[in-house]
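Participant: Below is a structure I'd like to ask you about.
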């Protein structure tokens, strides 16, 4: 049993097979970069650049098909396999009569299946890009104006979007299992070769090539590097399957013996978060508040401003990373919960409404951030206009009172004016002329003097 899994005599060289696969990928990428540079050259017409930008995936598919025709279809070996002195053959032939002939080449059926795998990869990427172009709110089928075909299409897209991630995880797990099996047995480096039962053998057996002679080359460094690469790929495969927040919550609840905290916002927190300005992300503020042990006075609002705003179901704005992480956590934890359970969805910190999706804030970001400032400026302008109107009314009232006083006491007004005129005349004749003041009673003794008339006048001699 151990000898069958790990043969000791002339074991299959795993490093050559992996190097051949890496070389094929590098050659394909290098040719595609050169093709892209040719289409985007300034010496060529601009419509060629538009063709490349609109049909980049199709051009890459044509390049891969051309490489497949020149190498695998014609020579039963890719360019990387040829450099490593390897060739593909059909490992599923059990008839001894045709085994020697069939082991030197691939059958047409296997070539067609390999070609189909190339086309399948293209169509899978196209379907993924099309499905992920729809947001969750675009797939709602509650509208009354939708036709039957439109409802079926949206339901199909929604089903594919929910199952694509599961299929990707299953493919990653199968690839990991196949890779571990390849390290043990030395055959089938990927899933395609295992499904089609395609094996590799030396291309030239009559001469000893440097790359295919295991007796003259020490693979100690390659084997050590292969182990580290395997551990790295294992970590890359296993980390996306682990839900760190869910594992942390379950661990804390099991240690402390307490039930998970409700997703609803308390009344005290709701008062704090609802009073925050619109330009502040409530989730960032909550994280800063928790990290500072509740020292709210030490938290600067400028450090918790909204970055890359996204709008939730209730219409409030949060940071893209903050709201997406919250929705993703509750989406994974609430899979098995009924819709009536309040912990199935994350609740908005500002209004305590459940949020099931988020989308890009399509409005002007500055409008949302300046709305409160504009309202405050408008209130200040209204208050200042009211004060100005009040001052105008006070000044008009004082003017009316002054005019009434002068109208009633006309004699006093005339007397004051007469005295002012006398002072002006006195100042005018101070250049040496004699100024004499006559008493009205001495000059006009025979005339009756009115008591209300002025008692003196000024005359110049």
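Here the Cβ of each residue, glycine as well, is placed from N, Cα and C on the backbone.
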Participant: Any idea which of 219-242, 243-266 is down as transmembrane segment in Swiss-Prot?
Facilitator: 219-242
Participant: Between the candidate ranges 152-185, 288-321, where does Swiss-Prot place the transmembrane segment annotation?
Facilitator: 152-185
Participant: Would Swiss-Prot put residue 150 and residue 13 on one side of the membrane?
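Facilitator: Checking Swiss-Prot: the two residues are separated by the membrane.
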Participant: Is it possible to get the count of other C-beta atoms within 10 angstroms of the C-beta of residue 348 (Zn(2+) 2 binding site)?
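Facilitator: That number is 24.
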Participant: Would the transmembrane segment (14-40) count as touching the transmembrane segment (102-139), if touching means at least three Cβ pairs under 8 Å and pairs must be 6 or more apart in sequence?
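Facilitator: Stretch pair does not touch.
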Participant: Closest of the binding-site residues to residue 351 (Zn(2+) 2 binding site), Cα to Cα, picking from 281, 284, 322?
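Facilitator: Answer for the nearest of the binding-site residues: 281.
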Participant: Which of these binding-site residues is closest to residue 316 (Zn(2+) 2 binding site) if you go by CA atoms: 281, 284, 322?
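Facilitator: Ranked by Cα distance from residue 316 (Zn(2+) 2 binding site), first place goes to 281.
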Participant: If one looks at the chain holding residue 322 (Zn(2+) 1 binding site), which residues at least 6 apart in sequence have a CB under 8 angstroms from its CB?
Facilitator: 281, 283, 284, 287
Participant: Test of understanding: give the count of other CB atoms lying within 10 angstroms of the CB of residue 314 (Zn(2+) 2 binding site).
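Facilitator: Around residue 314 (Zn(2+) 2 binding site), other Cβ atoms within 10 Å: 13.
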Participant: I need the neighbours of the Zn(2+) 1 site defined by 281, 284, 319, 322. Which other residues of that chain put their C-beta within 8 angstroms of the C-beta centroid, in sequence order?
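Facilitator: Residues close to the Zn(2+) 1 site, other than 281, 284, 319, 322: 282, 283, 285, 287, 304, 306, 307, 318, 321, 323.
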Participant: Cβ neighbours within 10 Å, counted over all protein chains: which one of the binding-site residues 281, 284, 319, 351 has the most?
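Facilitator: Of the binding-site residues 281, 284, 319, 351, the most buried by Cβ count within 10 Å is 281.
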